[in-house]
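According to Swiss-Prot, the transmembrane segment annotation covers 12-32, 97-119, 139-161, 188-208, 213-233, 277-297, 306-326, 348-368.
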Amino acid sequence: MLRLMRQQKKETYYLWIALFLLLLYVSPLFILKEDAHIRVHDNLDSNIAWYKVLADSGEIVGKVDAAIPQIINGLPRDAFGTEWSGIVWLHAFFSSMTAYAISQTVTRVVAFFGMYVLLKKHIIPEPKAAFIRIGVSLAFALTPFWPSGMLSTLGYPLALWAFLNIRKGDISWREWLTLGLLPLYSSFVLGFFFFLAGMACFWLYDAITKRRWNLMFLGSIAFMTSIYLFVEYRLVYSMLFEHAPMHRIEFISSRHDVWHSLRLSIKNFVYGHNHVMTVHTVVILPILMVVFAALLFKRNRTKPENVYLFLCVLNYGLSLWYAFWFNKIWAVPKQKFAFLAEFNFARFHFLRPLVIYVSFALALYLIWRMGKGWKWLVYAAVAAQLMVLAPFNEEYTYGVHYNAPTFREFYASEQFKEIKEYIGRPQDSYRVASIGLHPSIAQYNGFYTLDTYNNLYPLSYKYEFRKIIEKELEKNSRLKQYFDEWGSRCYLFVDELGKRYDFKKNSKKTINNLQLNTDVFKKMGGRYIFSSVPIMNAEQNHLALVKTFDHKDSAWRIYLYETR
């Protein structure tokens, strides 16, 4: 009993240290506030501006057929997701940076405790293995996840804990509350659809091998799914009722041959994916491979060892599925069935962070059980993984490694306030577009834009907007394919700039041969163009440079052009 109490005390001590390190990790967001560096891709260039536009529009709880006039002359309200998502209300009640900091903290804390209770209850319950449970949980919580995903992947361990409890018949209000609340801070289509599909397969496996239905387990899966369908009622409505075709129906993603797909599967297996970064290559992967090789031909394997081998196979299987979703074999089915083109089923690989870190914990536990002479390796592996993850803190990654703008410098609110005041007209009375800049910057500052980055907008608008940039696309096959076969970035693409939208004020870049159809631009309501680089042949495009704007708190020099 005394030994058990000492173990519990040590575990509590480890927990407090881990929580301190976790809060230290997110502290720059609260200390630096708008002077913090955070992710640009699929974050500053999109989601953060979306939340602000939605909050400012007054359409958070708008009708299913409502539109947001600030973007592309009426972006469907459904493009911004559901009002039942907690992150929407964080951005409605707090400033953007404060909401972001809170969201990061909530997500990482829930991820930590979710993985911890999963490992303690179902994977590594042995009291003496507390260091493994807590160390791996902390590492999982520090992974550089996609910010607007919230708990879409980092919530998997907590959900799995609840489902495994229900599967065993160990049921309380906690499990049902967990399954009921997670849909309010995660995405169905960007995460939990794939997890719930996995749970359904797990239930089916039980039903076949154990010959029992386990209706409570099945009911819990149905319960969480029904909550998601309620939360995502806008998505359900759009699927059930006719509406104008959206640009996603023209997605073309299946281009790879078999060898390309195999190479991509290995790349994904070894390095992971940008939206679900696991940072497992240097420390975790070698350990997983060595333990896998040691167990593969072992006789009389234990249950934890068999579970470990299954997870390793599943790990590569998910990478293989991801890679082959872009293979040519899917080209015809995607053409015949629109939902296969519109919905990215490759995202089953979003399960990999859960699989990798549970596998890591199991591998360390199997090593730890080999005796005292091996425990040093366990401590070293956890410490090494935490050290590998430390530089992936956003402040270091984007501030030092990428030298990206701070939040304040990116959105440049004071500079764009000067532009708004200089124009001197109500912002809803004219439309703007940007060159060499993300449209989210203008959107964040209240301007009505003809360009945008959204994952859902009318196909007819894409066709109309394309007329503006048609000649530029013809000059650049990569940009043409990028816009025509994907098109979520509905930008004023310029051949000479390529896919760069971040020319800072110290850039020497110029545009010498711009060819825009400004007649179509004006017909759509366009009046001004914000460019981060000078356009040397502006007059040939019926554009006149009105003024250049600089500001000490901005990363950009804005050349304001007006149509003539």
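Glycine is treated like the rest: Cβ placed from N, Cα and C.
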Handout entry: Beyond the flanks of the transmembrane segment (277-297) by at least 6 residues, Cβ under 8 Å
Key = 143-145, 270-271, 305, 308-309, 312, 315, 352-353, 356-357, 359-360, 363-364, 366-367, 381, 384-385, 388-389, 392
Problem - Stretch among 12-32, 97-119, 306-326, 348-368 sharing the most Cβ pairs under 8 Å with the transmembrane segment (139-161) - result: 97-119
Problem - Interface-richest range of 12-32, 97-119, 306-326 toward the transmembrane segment (348-368), CB pairs under 8 Å - result: 306-326
Completion exercise
Residues outside the transmembrane segment (12-32) whose C-beta sits under 8 Å from one of its C-beta atoms, at least 6 past its ends, are 38, 97, 100-101, 104-105, 108-109, 112, 116, 130-131, 134-135, 137-138, 141-142, 386, 393-395, 406
Completion exercise
Counting only residues at least 6 beyond its ends, the same-chain positions whose CB falls under 8 A of a CB in the transmembrane segment (306-326) are 253-256, 261-266, 268-269, 273, 288, 291-292, 295-296, 344-349, 351-352, 355-356, 358-359, 362-363, 366
